[in-house]
Structure formats: structure tokens, C-alpha cells
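Notes follow once the structure below has been shown.
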Amino acid sequence: MLREAFVTSKTNDGNTFNDIAQSNGEDFWKILQGPIYSRLYNIDNTELNISKIDYGYIYNENKILGVARLRQVRVKPNSCKLHKEFAKRNFTQKCYAEYTIDKEDQDSFGNNSLNIFTSDAWNYTSVNQTKTSVYTGVVSEYGGGGYVQLFTRNANTTMEILRELERNSWINRGTRAIFFDVIVYNPNINLFCHIRLLAEYPSSGGAITSTSIRAVKLIRIFDKKYLFLFNLWNLINLITIILSFICILYEILNHFSTTKHLSELLKIENNYPNFDELFNLKINSDFYLGLTLAITWVKIFKYLNINKTMLLLNKTISSCLNEIFAFTSIFLIIFLAYTQLGWILFGRYLTEWRSFRTSIFALFRMILGDFNLYAMRNVGQIIGPLFLFSYIYFVYFVLLNMFLAIINETYSRIESDTTLKTYKITKFSMNFYQLILRKKSIDYETNLKTRGYTDDDIKKIINKYDKNKDGNLDEEEQKIMKHDLETGQLKLNQNYEQQSTRLLLDDDDDDELIKLDMSSIVASNFCENNLIELRLDQDMEYDNDIANEIKN
């Protein structure tokens, strides 16, 4: 919802914050004075006679803490050198380089006599005053200082400030980045949220936008305090211990920082409440906590020796570590060479190759099949496809097969090792057979089939004992049939009825094992008479083994 309020909300001409492209700041001011201004001061709801206390809420649920802030980062004039041919022809009056810390402008600029509401916005504010950490954008990494202008709690005054900044060209050729920061709090879900909109103005011209929306639960640590100290599994190994202490340190810093600064920041109404320190502490704490939990899962490898298949996997990985390290060295040489080549060839044309770091990610994406061949062809009809196909050849057909060959050869060697032993569990008290619920009664049709009756005989038996003619035998009818079976009165198939066979159909005999003595029945006799083949010798042996194991 906050992204919709600040990033995707449109101006009257249909543009959003992401559509900012002009280097003179014209479209930036339209966005700031349009949808962003409307969301901050609830301008859309003024006709509904909302009381003054309701102002400062976004979507009526997100309370704006303090006021919003604009911060500009600039570079010094004449911070770059022109070629002598252009310099002597006065090709341009001043040269503004790309942003770096040493080229950052800290001098006042503009005409102060024209500034009524924005006198402070034209003077540099140090990082010690802004208390803002270094931020990495799309183009460059920016310091925490800059030229700061605070919004006010009055909508009309804020609009006058924005118009004055635009009128007096607060954004000009020396501008390299504009930060818009605002902090909101949603009491319904207990979340503090930092919204940062960044418009970067590179030395090449134009504008590049990016957004950062960070949400954290700062007050949550009050309830859980030192619960992390009772998590003993973090002490498994040395790395986990070190990471655990780091996490504990961050939790303590979060606790005291929040206790010290939160109440003060919540009282700020006419200034920008800087939550950077609290947000950074909490985000770093979550990072180290996640890293600790991830490393702790490595302990699962100590249990791989129980099963032979898992043991093979463990031994294979541990046995080919030297080969894998050698392979990694070869892979890095080729990979970094292509990274450097791709950065040089495509860096000035394609955004995914704009720096050495982004070129590394672009090559990893190419391994997964995510690449834009047509964009590379537009850069060079020959060099683009040649770069792609040669990279795929070396990575897929050479390096990947080399890696698989290392794993396969090591696995084959380990598998043929007769000395390989697993840790066997010699005693296992729980018998899974005992967990299987025994049926109290056995289906009578199945029992009749095991006695040797055909389907036609079973139908005749059912018709004989089915007194209510419902097609099934109820309990009373089954008892009568059971009695006739035991007394020998039911003799539809006497040749194959075995008197030594006793099948239990009662509900009260569920604890007694079924005793079968059908060794005299052979499969050939059943096949000749189109009866069901019955093999119960193995079942008897299985039951005897179970009984002996239980006794032992």
C-alpha cells in the first residue's frame, strides 16, 4: 500500500515516480507536488471535513512520524577536466564529474536573497547533523550529508517551500542525487516503515529512480528480550558461537537504542525523525541471525553415516574437495575473464553490464539461461553472439562436464570400497508391526475366497444366509454362517475346505493371531479348478519372526 501511495501514484499527465527522466528536475517537482504531496497531507479527503488531528495519516492507518525530508547530494563545479581542444573553445562553462566522496560539494549555492522559506536548503549539512548512513544507489554510493530541506506539518507552507525550491533551481547541473525520506508507523501491525525515494542524476544526463521501503518491528524486542540466550543449539561449533555472540550484541544494541531514542523520536513533530540507526541495527541483526540459523543446519551432515546412500554422498563430497578446489580455480579464471570482457564490451550500452559487480550477476544469470541475445546483438552483430556462444561453450560443455566427471569418478571409487561401513542401529525397541491397528473383524467374502470358494459359490452362500435380502450379511447372518462353517454344515466346496484352518470372524477375538495351516494346499490344484491361488507359508514365517522378536 505504501508503494502504491508514493511510487505508483500518477500525476495528471499519467506519470509516476519511476517515470522521472529529466535532468533539470521538472518532472521530479511534478511528482513531489502531485501524488506525494497529496498522500502526505490527505488532500484528497479535505472535502470530507476530516478533523485536523487526522492529518498526517496515510490511508488513515499509517501515522507519519515527524515530517518528511528532502536531501540533495551535489558535486563541485569544475570537478572534472575537459580535453584541451574543448577547453580552449569554451565548449562548456563548468564541468561536473560523477559523484565520489572526494568530489562532493559542501559549499553554499544559490541566491539567498530570493529564499524566504528555504534558507537552510542551500547550505550544506554534515553527516554528524543528519545522522544518516551511507546509501548505495543504482549509479553510485552517497554519503550521509547534503543539502537538507524539511517539510512542515502545514500543507500550504510545504507547497510554498516546494515551489520556491523549484523556482530558484535547487536542482541543477551539480545535482547528483535527491533523497525523499519519511517514517510512518502502523499500530495495527506494530510496524515502523522507512520510505526512501531516490532520484539520481548521473553525469551523463537524465535521471534514474529507485525505491527503498524497509519495515521492522522495533518494539518487539521489548517482549522477547533475552530469549535468544536460551537457544543452546547455537553453541554447536565455533562459527555458530561467534555468530551467536554477534547476534546477542546486536539485540542488546537494539534494546538500548530503541529504549533511548524511540520515545524522543516519537515526540518530534516539526523536524525529520531520523530512524536510520534503529533500522540499520535491526536489519543487521536479522541478517546475522539468519546466517547463524543457516550454518547450524550443517550439523545434519554428522548423521549421514547412518544410511549407506547418505554415507556415499558424504564420503564423495569429502574425498573430492581437492579436485573441487582445483576446478573452482579454473572456473574463477574463466568466469572473471568473461566478467571483465563483458563489462568493457557492453557496460556503456546495457544496464546489466554497467559495472564489474553487476556483470558478475549477469554472467550467473546467463548460466541459468537468463540473457538478452538481441540486446547484445544490437551492440555488435558479431561480438555479441560470439561472446555469448563462447561463454556457453566453456561453461556448459567444458567446465560443467569437468565438474560432473570429478563427482562421478569419486562416487564410483567410493562405492566400490569394500571397507566402507555405516553406523548401524543394533537395537530398535519399537516394532512397527505393533503400531498397525488390527481389524476386529475380517471381511467374510475375503475369508471365503481364502477357503477356496469361487465367486459363484460366494454368491450362493450370500443368497443362502441373507435373510433380509439386502445383498449383504449383517452380524447375525455372519454368526450363522460361521457356525455352519465350524460344524461342517456348509459344504459347497468340500474338496478344498481344510478343517485345520481356523479363521476368526468375531469382534471379541481381535487379540488372537490368525492360525493358518494351509501347507497341504498347492497352487496347481487351485489353478486347475479356477480357484484363487493361496500362499500363506511366508505369512506364517513372518508372524513367527514377529512373535520371536517380541519375546526377545
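Here the Cβ of each residue, glycine as well, is placed from N, Cα and C on the backbone.
Source: prediction; values computed, not measured.
Over in TrEMBL, the protein carries these features:
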type     : residues               : note
DISULFID : CYS80-CYS95            : disulfide bond
TRANSMEM : 226-253                : transmembrane segment
TRANSMEM : 287-304                : transmembrane segment
TRANSMEM : 324-346                : transmembrane segment
TRANSMEM : 387-407                : transmembrane segment
DOMAIN   : 453-488                : domain 'EF-hand'
BINDING  : ASP466, ASP470, GLU477 : Ca(2+) binding site
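Excluding the listed site residues ASP466, ASP470, GLU477, the same chain places ILE462, TYR465, LYS467, ASN468, LYS469, GLY471, ASN472, LEU473, ASP474 with Cβ atoms within 8 Å of the centre of the Ca(2+) site Cβ atoms.
Confidence for the domain 'EF-hand' (453-488), expressed as mean pLDDT, is 77. With a threshold of 8 Å between CB atoms, the same-chain residues lying at least 6 positions outside the transmembrane segment (387-407) that come near it are 316, 320, 323-324, 327, 330-331, 334-335, 338, 341-342, 345, 363, 366-367, 371, 373, 376.
Assigned with DSSP, the residues of the domain 'EF-hand' (453-488) fall into helix, strand and coil as follows: 24 helix, 0 strand, 12 coil. It is 105 Å from the Cα atom of ASP466 (Ca(2+) binding site) to that of CYS80 (disulfide bond). The candidate set comprises the disulfide-bonded residues CYS80, CYS95. Of these, CYS95 has the most other Cβ atoms within 10 Å. If you draw a 10 Å sphere around the CB of ASP466 (Ca(2+) binding site), it holds 15 other CB atoms from the protein chains shown. Ranked by Cβ neighbours within 10 A across all protein chains shown, the binding-site residues ASP470, GLU477 are led by GLU477. Separation of the C-alpha atoms of CYS80 (disulfide bond) and GLU477 (Ca(2+) binding site): 105 Å, rounded to the nearest whole number. Taking only the Cα positions, the spacing between GLU477 (Ca(2+) binding site) and CYS95 (disulfide bond) is 106 angstrom. Distance between Cα atoms for ASP470 (Ca(2+) binding site) and CYS95 (disulfide bond): 101 Å, as a whole number.
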